[in-house]
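To keep things clear, I will list the structure first and then write my remarks on it.
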Amino acid sequence: MKGVIFLFSMLGITPLAERLGYATEQLAIYTGPTLGGLLNATFGNATEMIIAIYALKNGMIRVVQQSLLGSILSNMLLVVGCAFFAGGIIHRNKDQVFSKATAVVNSGLLLMAVMGLMFPAVLHFTKSEIQQGASELALSRFSSCIMLVAYASYLYFQLSARNSNYSQIGSEEVPNEDATEEDEEVEISMWEAIAWLAVLTIWISVLSEYLVNAIEGASDSLNLPVAFISVILLPIVGNAAEHASAIMFAMKDKLDITIGVAIGSSTQISMFVIPFCVVVGWMMGQKMDLNFQLFETATLFITVLVVAFMLQDGIANYLKGLMLVLCYLIVAASFFVHVDPQASKH
């Protein structure tokens, strides 16, 4: 029965995600690519955030940590990889370009998030805390507050500086026909688009809750580790919205929005959603910390490095996309054979 609920929730979310992508694209016409990408990332992450808070309330701390980590991994490797691949196949004759500045700032923030996650884990595994268990929790809460300040500063920077040196690198190359074509694309008004985004997000959240409830049952019936479902399967559904819209924008050669959606979403989860969950857990009296265990932290670190290298030249093609998707397959396989050392405790 749980397996059936799991399957139908997954099937139900997919068309809603496609519509979410469409509504965001309509909204991006009014707001410009930077804000459009940011809005898409925010609405896409509402699902993960609701799942996380719901699981936190039930004391499922590891599910929160693993689903958020998986969301970052799938956005950076699978979503960007598929988008670059699809865009590269359609635009085979030319390299697609995107803003280097955006990519570099996002890579820097992701590395900062890795730093925030690494110290509590290292502190725990070197057993060098002043107070066993209490120090890493205190450090996690302190780091979370710092990360939230950094993310707020990044938002201010991104939204205020987008018209100066931070504007799109590819914008000079855009011919006039493209502008007229964009005007024709407007099919719904700005407020209709916002209303649709809100309604779709609520629906996706409702289905996600069913999905979370069915996870442990599905784990037993499908004979899959909970870690694999949390890190790999949950985020694929949670990120369906980003996935659909990122590929759609890449195929239309609007790579700046693709990067804004996929990498922006990873940045938002690592610098906002994870620290936010720590703070919310603190208020609820749950001991949610930034110690994600060594295996997960190492996976995230390597992923951020690989993606940062891929994005640094501001050029996308199908080879890069294929490499990122293949990297994701390695990550998925490693979680398939990974036994979570804390699973017995929660």
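One-based numbering along the chain as shown.
The backbone N, Cα and C atoms fix where each Cβ goes, glycine too.
Just so you know, TrEMBL annotations never went through curation; they're auto-generated.
What TrEMBL says about this protein:
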type     : residues : note
DOMAIN   : 4-159    : domain 'Sodium/calcium exchanger membrane region'
DOMAIN   : 193-335  : domain 'Sodium/calcium exchanger membrane region'
SIGNAL   : 1-19     : signal peptide
TRANSMEM : 35-56    : transmembrane segment
TRANSMEM : 68-91    : transmembrane segment
TRANSMEM : 103-126  : transmembrane segment
TRANSMEM : 138-157  : transmembrane segment
TRANSMEM : 193-212  : transmembrane segment
TRANSMEM : 224-251  : transmembrane segment
TRANSMEM : 257-282  : transmembrane segment
TRANSMEM : 294-312  : transmembrane segment
TRANSMEM : 318-339  : transmembrane segment
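Against the transmembrane segment (138-157), the recorded stretches 68-91, 193-212, 224-251, 257-282, 294-312 differ in Cβ pairs under 8 Å, and the greatest number is found for 257-282. As a quick check, the transmembrane segment (318-339) and the transmembrane segment (224-251) clear the bar of 3 or more Cβ pairs under 8 A, pairs 6 or more apart, so the two touch. Taking residue pairs at least 6 apart in sequence, the transmembrane segment (193-212) and the transmembrane segment (68-91) share fewer than three C-beta contacts under 8 angstroms. Looking at 35-56, 103-126, 224-251, 257-282, 294-312, the range that has the most CB pairs within less than 8 A of the transmembrane segment (193-212) turns out to be 35-56.
The stretch with the most CB contacts under 8 Å to the transmembrane segment (257-282), chosen from 35-56, 103-126, 224-251, 294-312, is 35-56. Across the range of the domain 'Sodium/calcium exchanger membrane region' (193-335), the DSSP-based residue counts are 121 helix, 2 strand, 20 coil.
Residues 65-66, 69, 72-73, 76-77, 80, 100, 103-104, 106-107, 110-111, 114, 117-118, 121, 125, 231, 259, 263, 320, 323-324, 327, 331, 334-335, 338 of the same chain, all 6+ positions outside the transmembrane segment (294-312), place their C-beta atoms under 8 angstroms from a C-beta of that stretch.
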